[in-house]
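**Student:** Below is the structure I would like to discuss, written out as structure tokens.
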Amino acid sequence: MRQFTHGTLLAILALANTISAIPSFSANNYPAHPAEPLALFAQSQPQAPLGLWTRLRNSVIERLWGVPPQQRNHRGGNKQYPFYSAPASLQARYSDDVVLRFRLQTADEVKALVEASNILFLDVWASTDEWVDIRLAKDVVPSLLGLLPKSLQTAHVPLIHDLPQTVYESYPSSSQRPTDNGRGFLPSRESSSDVTNIFFEDYQPLSVIGPWMRLLASMFPSHVQLISIGSSFEGRDIPALRVGVRPANDPKPRKTVIIGGGSHAREWIGVSTVNYVAYSLITTYGKSTPISTLLEQFDFIFIPTINPDGYVHTWETDRLWRKNRQETSLPFCPGVDLDRTWGFEWNGNATGDNPCSESYGGDEPFAGTEARQLAGWVKEQTEQHNVKFIAYLDLHSYSQQVLYPYSYSCLPRPPNLENLEELAMGIAKAIRLTNRQSYTVSSACQGFTASQKKVKLDTFPRMESAGGSALDWFYNDVGVKYSYQLKLRDKGSYGFLLPRENIVPTGKEVFNAVMVLGKFLLGSDGFEGLNWEAEFQRLNEADKPILDDGDDDEEEDGQDKNDDSWIPDEYKNDNDHDDDDDGWGLRRRRKR
């Protein structure tokens with residue numbers, strides 16, 4: 001039985017009472033699966049009587065989640081689940097859209113795609129120097145292809161077969177899943193290398209994340225503090241967790257690391273990963289010498305989402321919303337891109353006076369309310385609270401990249417480029433060793449590495465403006481020596497709609513990356529004997545997401561997964577099977 005005092009238990013239950021007004025998961029909050037018979041998920045074996053701790057814990061879970069943990073529907077392994085079609089509201093919003101991947105060969109192709117995307121106001125999901133993913137309406141496809149050179153008119157492949165269904169399945173189910181071996185919502189005080197908690201079995205709305213953060217701060221007051229970064233445009237609090245053990249009366253500036261996510265509202269995996277890393281450090285302090293040392297030497301600021309308004313909007317209205325929700329000069333095009341509004345090398349001219357652009361950085365530097373709030377908080381901490389920010393991890397998705405400054409241009413060479421690249425390589429290696437996920441490493445401008453003698457001046461044009469990024473502002477204006485943007489899973493099979501089974505694996509990968517960062521920051525000043533590798537989190541079978549291998553080419557639900565009737569015949573690709581074509585594997589991917 002867990003070693004809790006009666007006072008602690010009562011305090012937890014009292015806290016649960018204060019937050020019992022959290023909305024339950026219902027259609028009022030986001031699209032939910034239809035109600036399912038409880039018997040469908042009933043246990044086949046009789047259950048042993050629940051112990052005192054389990055009953056008390058379940059009481060808290062019921063108050064927090066609105067449903068008993070026994071009714072939670074576990075989704076793992078090869079178990080089959082009932083199939084529910086996306087509701088009419090999602091069909092109406094997304095059924096006419098498609099996500100296309102274009103393979104790039106020349107700079108002229110990129111330039112043509114950039115110009116066409118700007119003309120048609122298209123939503124660029126992700127881009128590398130090899131491919132670009134674009135979401136657009138099916139009836140706009142002919143117009144787009146007509147603006148492109150012939151080499152691109154057939155160099156594309158659909159990424160997601162059924163966008164409304166994939167959007168629908170990214171929301172949590174109303175039939176919650178059972179806990180694993182009695183584990184529940186509350187953090188465990190027992191030592192365990194496996195972070196298993198129902199909080200990470202699904203993506204969570206802001207109405208759950210906020211109380212969860214308060215609960216952590218109340219349970220671990222010795223090294224966790226709930227703080228506020230500021231307020232959003234719509235008046236929501238921007239909460240954060242400060243994790244660390246600062247020595248009393250220490251005159252030296254407190255070295256601090258910021259780990260943030262959710263600048264772009266639809267990138268849910270970044271939000272969940274910030275929470276996962278915070279939870280792992282918080283619950284392991286005092287049980288692990290390396291982690292205890294890390295939290296005694298540094299403070300960590302965890303900001304799950306700097307864009308709470310946009311995040312709420314993705315749960316309540318539009319799952320694929322990117323920007324914040326502030327007003328612009330065009331009432332029908334609200335929102336500013338919070339990663340294009342920072343004051344360093346802000347390039348508002350790149351999007352002109354077009355608030356409808358997905359990368360619109362506002363009409364002036366720091367036009368984005370939430371970015372301005374974070375910048376003000378950082379300045380206040382530095383000038384008034386003796387804080388020195390030494391590292392910044394900005395979590396995004398997708399494309400699996402570790403990016404370092406500069407983003408706005410490839411021409412300036414960061415003064416500590418070799419160290420930036422060395423640490424970035426270590427981060428990518430830690431991720432690869434966790435689950436064999438390959439992350440590329442480069443400057444954010446995708447220009448050059450430290451091993452090159454000079455900048456490549458013939459790099460491809462950028463698909464969108466790269467000025468005004470948080471990455472560059474923290475590095476240049478704040479003096480954060482180790483500033484990175486991590487673009488998390490995946491490489492395009494699901495894009496921003498990454499299935500929930502990836503939450504824990506991605507969290508473990510980034511936690512291990514933070515361990516590498518910590519080791520690097522501590523250096524060799526008396527910390528050589530710490531066994532960092534022993535703290536790495538490993539994946540078990542339950543963590544491994546089910547990946548479509550493309551071996552099943554059968555039609556499902558009476559639909560042809562290769563239906564391309566919306567593509568004009570003259571633009572269709574006749575090369576159905578090219579082993580050297582990246583798109584072939586995506587075309588073969590089984591429909592979800």
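Cβ atoms are placed via backbone N, Cα and C, with glycine included.
The shown structure was predicted, so the numbers you read here are calculated from the model rather than taken from an experiment.
Dumping what Swiss-Prot says about this protein:
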type	residues	note
SIGNAL	1-21	signal peptide
COMPBIAS	170-179	compositional bias 'Polar residues'
BINDING	His264, Glu267, His396	Zn(2+) binding site
BINDING	His264, Ala265, Arg266, Glu267, Arg322, Asp339, Arg340, Ser397, Tyr398	substrate binding site
DISULFID	Cys333-Cys356	disulfide bond
COMPBIAS	548-558	compositional bias 'Acidic residues'
COMPBIAS	559-575	compositional bias 'Basic and acidic residues'
**Student:** Within 8 Å of the Cβ centre of His264, Glu267, His396, which other residues of the chain have their Cβ, at the recorded Zn(2+) site?
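**Tutor:** Output for this site, in sequence order: Gly261, Gly262, Ser263, Ala265, Arg266, Gly270, Arg322, Asp339, Leu395, Ser397, Lys487, Phe496.
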**Student:** For Cys356 (disulfide bond) and Arg340 (substrate binding site), determine the Cα separation and express it in whole Å.
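**Tutor:** Rounded to a whole number, the Cα-Cα distance is 14 Å.
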**Student:** Going along the chain, which residues six or more apart from Glu267 (Zn(2+) binding site) have their CB under 8 A from its CB?
**Tutor:** Gly261, Leu395, His396, Ser397, Tyr398, Leu488, Phe496
**Student:** I'm trying to understand the geometry here, so how far is the Cα atom of Arg266 (substrate binding site) from the Cα atom of Cys333 (disulfide bond), in Å to the nearest whole number?
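**Tutor:** Just about 17 Å between their Cα atoms.
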**Student:** Among the binding-site residues His264, Arg266, Arg340, His396, which residue has its Cβ surrounded by the fewest other Cβ atoms within 10 Å?
**Tutor:** His396
**Student:** Using DSSP with the three-state reduction, classify Glu267 (Zn(2+) binding site) as helix, strand or coil.
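**Tutor:** For Glu267 (Zn(2+) binding site) - judged by DSSP and reduced to three states - the answer is coil.
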**Student:** Rank aside, I only need the closest one: which of the binding-site residues His264, Arg322, Arg340 has its C-alpha nearest to that of Cys333 (disulfide bond)?
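**Tutor:** If we rank His264, Arg322, Arg340 by Cα distance to Cys333 (disulfide bond), first place goes to Arg322.
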**Student:** Measuring Cα to Cα, tell me the gap between His264 (Zn(2+) binding site) and Arg322 (substrate binding site) in whole angstrom.
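**Tutor:** Here the two Cα atoms lie 5 Å apart.
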**Student:** Relative to the Cβ position of Cys356 (disulfide bond), how many further Cβ atoms are located within 10 Å?
**Tutor:** 13
**Student:** Other than its own, how many Cβ atoms are within 10 Å of the Cβ belonging to Tyr398 (substrate binding site)?
**Tutor:** 23
